[in-house]
Amino acid sequence: MKNYTKIKDIPNLSETIKDAILLKMNPFEFQNLGQHKTLVMLFFNSSLRTRLSTEKAAKNLGMEVTILNVNDAWNLEFEDGTIMNMDKSEHVKDAAQVISQYADIIAVRAFPSLTDKAKDESEFILNSFKKYATVPIVNMESATAHPLQALADAITLTELTEKAKPKVVLSWAPHPKALPQAVANSFVEMMQDLEVDLTITHPEGYELSEAITKDTPINHNQEEALKDADFVYVKNWSSYKDYGQNLNQDNNWMMTQEKLGKAKFMHCLPVRRNVVVEDAVLDSDQSVVIKQANNRTYAAQVVLKQILEDL
Ligand code: CP
């Protein structure tokens, strides 16, 4: 693998999921692969799971890890040809080349503005690093995608499914803040590549990009969509059409034990209890959110392993 900025960068998804499950059983099997290699992780935004699981994954492979909270460094300019006489002290063109001398792999977390759709969709932060860095780039959640989370979700589903083709429902949930579409986008794309029967449910106005949903069924009736589900993935996202707007906080969309039925409950975390999902669900045996978070390590580890093997 040359980079992991999107799900389609995985050369063979089913083999990669199998390899991740094997790494989970024997995490130190490749502990010399990353010897004398460094992962530099750049955070433009907060993180708990991504930061800790990716660091753990790299260390399981014998890598050194350096973490930079970008807000502690010089303010970066991303536009070309700018006269930099305002608040930006360093151009990404220079920063990315410099960091590449300290890193064998660079991982980037950079959320969208949720105000400038075209700029967010251009993935200008992630793609600037991809353009100017001279080492592979890993996406730790960008403006439109969270492929490491989606790979962890695919591993979790593969481990837990008892059916050849389980019914999976992605259900929107209310949230007090406007959140990105990245997790939902990558989850949908990942499920489209697996043997699952996927349905999306959300209030009107919350349609994800058609470039993502393609022909996946969308049902605005949550109760109907959830019928006979094996896995229910709950996530809030802001409107894509009315870009970045929080149009609806109807708590009738919160996931409850009654609505969940016998399905397993999935969420990427962090989650607001009793807003997105009630305590009774999260604290039940049907919740697999802690397993998903554990699988973030093996998703990152299999990706780093495949990149290291191609260096
Ligand atoms: N799910 C996830 O990416 O968690 P963090 O934002 O804590 O990294």
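Backbone N, Cα and C atoms are what each Cβ position is placed from, and that goes for glycine too.
Keep in mind that TrEMBL annotations are predicted by a computer and have not been checked by a curator.
As recorded in TrEMBL:
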- SER47, LEU48, ARG49, THR50, TRP74, ARG109, HIS146, PRO147, LEU148, GLN149, CYS268, LEU269, ARG296: carbamoyl phosphate binding site (BINDING)
- GLU141, HIS175, LYS235, ARG272: N(2)-succinyl-L-ornithine binding site (BINDING)
- 6-159: domain 'Aspartate/ornithine carbamoyltransferase carbamoyl-P binding' (DOMAIN)
- 183-305: domain 'Aspartate/ornithine carbamoyltransferase Asp/Orn-binding' (DOMAIN)
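Annotated features, which come from TrEMBL, shown on the structure.
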residue	record	DSSP (3 states)
SER47	carbamoyl phosphate binding site	coil
TRP74	carbamoyl phosphate binding site	coil
GLU141	N(2)-succinyl-L-ornithine binding site	coil
HIS146	carbamoyl phosphate binding site	coil
HIS175	N(2)-succinyl-L-ornithine binding site	coil
LYS235	N(2)-succinyl-L-ornithine binding site	strand
CYS268	carbamoyl phosphate binding site	coil
ARG296	carbamoyl phosphate binding site	helix
Note to self: Given the binding-site residues SER47, TRP74, HIS175, LYS235, ARG272, ARG296, return the subset with CB under 6 A from an atom of ligand 1, ordered by sequence, or none if empty.
What the structure shows: SER47
Check: About how far apart, in whole Å, are the alpha carbons (Cα) of LYS235 (N(2)-succinyl-L-ornithine binding site) and CYS268 (carbamoyl phosphate binding site)?
Finding: 8
Notebook entry, point to check: Per residue, counting other C-beta atoms within 10 angstroms of the C-beta, which of the binding-site residues HIS146, HIS175, LYS235, ARG272 reaches the highest number?
Noted result: HIS146
Notebook entry, point to check: When you measure from the Cβ of SER47 (carbamoyl phosphate binding site), how many other Cβ atoms are you left with inside 10 Å?
Noted result: 17
Notebook entry, point to check: How many helix, strand and coil residues does the domain 'Aspartate/ornithine carbamoyltransferase Asp/Orn-binding' (183-305) contain under DSSP?
Noted result: 47 helix, 19 strand, 57 coil
Next item on the list: Do me a favour and check the Cα-Cα span between CYS268 (carbamoyl phosphate binding site) and GLU141 (N(2)-succinyl-L-ornithine binding site); whole Å is fine.
Entry: 12
Notebook entry, point to check: Of the binding-site residues GLU141, HIS175, ARG272, which sits closest to ARG296 (carbamoyl phosphate binding site) by Cα distance?
Noted result: GLU141
Notebook entry, point to check: Restricting the comparison to the binding-site residues SER47, TRP74, LEU148, which residue's C-alpha is spatially nearest the C-alpha of ARG272 (N(2)-succinyl-L-ornithine binding site)?
Noted result: SER47
Note to self: Can you give me the same-chain residues 6 or more apart in sequence from TRP74 (carbamoyl phosphate binding site) with a CB-CB distance under 8 Å?
What the structure shows: SER89, GLU90, ALA95
